[in-house]
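Database features (Swiss-Prot):
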REGION    1-30  region 'Disordered'
MOD_RES   S11  phosphoserine
MOD_RES   S12  phosphoserine
MOD_RES   S25  phosphoserine
REGION    193-331  region 'Disordered'
COMPBIAS  234-244  compositional bias 'Polar residues'
COMPBIAS  258-270  compositional bias 'Polar residues'
MOD_RES   S432  phosphoserine
REGION    440-474  region 'Disordered'
MOD_RES   S442  phosphoserine
MOD_RES   S443  phosphoserine
REGION    757-1047  region 'Protease'
ACT_SITE  H857  active site
REGION    883-918  region 'Disordered'
COMPBIAS  901-918  compositional bias 'Polar residues'
ACT_SITE  D936  active site
ACT_SITE  C989  active site, nucleophile
Amino acid sequence: MDKGKAGRRRSSAEIVTEGKRKKPSSSELHKITKILNAKPEDVHVQSPLSKLRSSEHWDVSLQGWKRSLRNKVLSLDHKSKKGVRGHPVTSKISPERQLKVMLTNVLWTDLGRKFRKTLPRNDANLCDANKVQSDSLPSTSVDSLETCQKLEPLHQSLNLSERIPRVILTNVLGTKLGRKYIKTSSVTEANLGDTDNLQSEQLSSSSDGSLESCQNLNPHKNFFLSESSSQSSKTDNYAKQTSYTKEKRRDDDGISFMSDTQPKDLSSGSRDCDHLEVGSRNKDDTNSVSRMEPTLISRKRKKRLRSNLPDTHNPASLYKSAEQTKEQENDPAVFTELEKSSENYHEDPKLFEEVTYESIESDFAQLPSDCGQELALSASPQMTSGCSAMETFESSISSDTVGNSTLVVKDENELNTIEKPVLSEHSEGNLSFISAEPIVVSSDEEGPTEQKSSEILKLQPKQDDAISHESESTSEPVVSELPLITCESVQTSSELCSYNPVMENISCLIPKNEMDLQLDFIFTSVYIGKIKGASKGCVTFTTKYIKIPFQVSVHEISLLVDTTHLKRFGLWKNKDDDHSKKSHAILFLWVSSNYLQEIQTQLENSVFSQQSKSTEFIFLELHSSISQREELKLKDIMTEISTTNGELELSYPLSWVQALPLFQNLSSKESSFIHYYCASTCSFPAATTEEMKMKSVSQPSNTDTAKPTYTLLQKQSSGCYSLSITSNPDEEWREVRHTGPVQKLIVYPPPPTKGGLGVTNEDLECLEEGEFLNDVIIDFYLKYLILEKASDELVERSHIFSSFFYKCLTRKENNLTEDNPNLSMAQRRHKRVRTWTRHINIFNKDYIFVPVNESSHWYLAVICFPWLEEVVYEDFPQTIPQYSQAEESHHDSRTIDNDLHTSSALSSGTEDSQSPEMNVTVPKKMCKRPCILILDSLKAASIQNTVQNLREYLEVEWEVKRKTHREFSKTNMVDLCPKVPKQDNSSDCGVYLLQYVESFFKDPIVNFELPIHLEKWFPRHVIKTKREDIRELILKLHLQQQKGSSS
């Protein structure tokens, strides 16, 4: 030991090497014995040691410990001989003295002496004792753990310190790789010498025992120890039970330990415990977790990281803090504060985390590989499967991922995403100790590695063969599961960061060719022969197979295409070949014809009725555009396949123009790709044929078109022309309007009936979806309904006005054109339409239908019983199947809600007086009520104006026909708005008007007792087909009238 420097504070207990030991003085031992005799019940030396399985863990008996302690342990009063900074103090034992742990120097071998000589002594505060502390922190076993746990009072620990056994550590630098590490581990910082490098990079592996030995010492023993012991005490009992197996394997190799009574040793051991604790406590802390991942960092990055560390992370500053602790231990006031703070740490774990977070994080970054390996083997003894998974993971990653556990911020989130699923199934029940991502490293014994880096330290400690075999035996299942877990994360993060350690891990597990030559695409649809399948995952391209998961109807199929039967492929992107506006890209695969039977077998023989040429072609509609990187990788895969199969043409993709002749002759019935995809996008010639039967009309063609945009194919058969029109590959289908002369298709009713209505080919255009029906179609179908659909009895009782009637009634005219300016407004309106009823008396009818168009919206007004002046109840006719009778019996007890309009909510006094009497007889009677029904599919019209105009018209018409005056008011001619089926768009109002009339004729309303419910008058699907039904009716009548005229 260096004792020549004056003023330098001597260590509290010097380590004597090579058998030189200073025996404690007899006076001091006498004082210790006196203290122990004062409270003998507090000291039970044999009690904690009797619980240990010494025969299983220790080769040295308890007597050997005593003998070794007497021969080689220094006196405990050594520190009292020289105080802080050279000031002498009395040798009296202070009750505030901390527990000092002594470590035996393990550098007794030739290599250890050489190692001591190579360490420069450029720091006055670092001595040989510090080197020994840093070089030989022990791998603690359960025996030493339980011994240290029971050291509670200070005088007990002083007396028991003589009985603590020495543990000799095997030097892990005895291998060739260790000597190489010594040469390459120097750091150029001024305040970090080789001693600090050894201290930071070669801390010996701390197991659960070393953790618990630190946490169970009293908090007032050491400031650093109190911080780490507050949180780790929760895992003592659980770790004790499961660390037996691992410790036995280490002890078989002759690894042992010994505790010293030096404060700085405890601080170093406490720091190691902090390493372990942070990994277990901060499970959700991404910064701490990221530092526990195995990564490869360059020397420059490691230097930059160390230069950014605060002063508290410097070993020199740690030594200074240890000095301050030694100064404070002689000051009772300071000691009291430290003890209180230590107790607070035990009481408030959150406060402990806040205080120690920074220093613990930095210490984790300096854990060496061999310490990480020991941690991976012993940090999770509570669960065998968790430990096995971590050991196999480290053996799988091997040496390429061993290094200082530091990550740049860019990689942290990605690695957390990858690592957590691997450990999630093992993390239950290990909330206090096992973190989500413990440090995982690899040793040289667990597997040979071919790639080695000079920047990475790979120590090879002497381990039991059983550990290696255990790692190898348990590595196989985890290795097989690793690519499945990490494949997706690697693929998504490969473009985000320049370095991904998990990608290198997979490269160690999967052959390089198989890993590189695999590509996944997200697709939306697959077209194989006659079927179209929806995507159920990603299509996978490899050199051996192509996997296509898809679903047809309710059947899920995973098609595996053997690449040995692949003939050609194609990749058609929208920007290169503008054949498609629907998808970004199409992948085309052409398989050999002798492979169709295998495809049909995989499709369970339920898809194809027979084999066809179209089955050879597989089209994959990709979800998004393909990147240049993916395109190059796909070409590499195809090149490899072509080399294997001996088909050189396979390495060259087919363009759209080259592939088109292969399937252009297929019909839409044979190929689903042509039917579903190309019919709306590319539409090749002769592939997507849509036949249109038209009348043979010779018309001059326009020959001065600059550039044709479509292809026209003509065929004449049986006096009709069959036309096939397809757009060019770079064009879309566009709606073609008729541009020829207007042609009258039908006259309904046909001659010789008078009042026939003509329908032309222009009128058919309004029957397209989304178009408003014009007045010609409205009038035609209303005439058709009353002449063809209504019963004779109902025809006699009904009258339908033309769609122009209400328009003429409400038309505004110039006052100069009026013959008699003294006429009222109602009389003027009636005069405009007086000739509409010259051959009919509407007051002899029960139902008068008036189509109304306001602001391009169609609705229906039905004038019911205009000849009645009040409500009349009659018996139901026996011959009429009553829709309203059944409805009335169901709704007779309901109250009047929205059916009676607000303007006519009050009925006459006679009605009110009769209602209570007639409620009982309503099921046996039918009600005839004079009213105006408004059947509106939107309720968007000005109903009040319409109803008032119709009342005024009826009043004038009554005077003209009956030659008497009658008032049509809100009381005797009420307006009702029953609930009817409503439209779900903005263009079907005319269709609903026609359906209201048709439903009325089919199932008329004969009972007008309120309320009137017509919500289920007809189903909605009737409206969906009504336009097409009217079109077919017109064309059918057109053919009938054509045949009649020709004959």
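In case you wondered, yes, glycine gets a Cβ from its N, Cα and C as well.
Counting Cβ atoms from all protein chains shown, C989 (active site, nucleophile) has 22 others lying within 10 Å of its own Cβ.
Confidence across the region 'Protease' (757-1047), taken as the mean pLDDT and rounded to a whole number, stands at 80.
Separation of the C-alpha atoms of H857 (active site) and C989 (active site, nucleophile): 6 Å, rounded to the nearest whole number. The residue listed as 'active site, nucleophile' falls within a helical segment according to DSSP. A gap of 8 Å separates the Cα atoms of D936 (active site) and C989 (active site, nucleophile).
In the three-state DSSP scheme, H857 (active site) is classed as strand. The Cβ neighbour count for D936 (active site), using a 10 Å radius and every protein chain shown, is 23.
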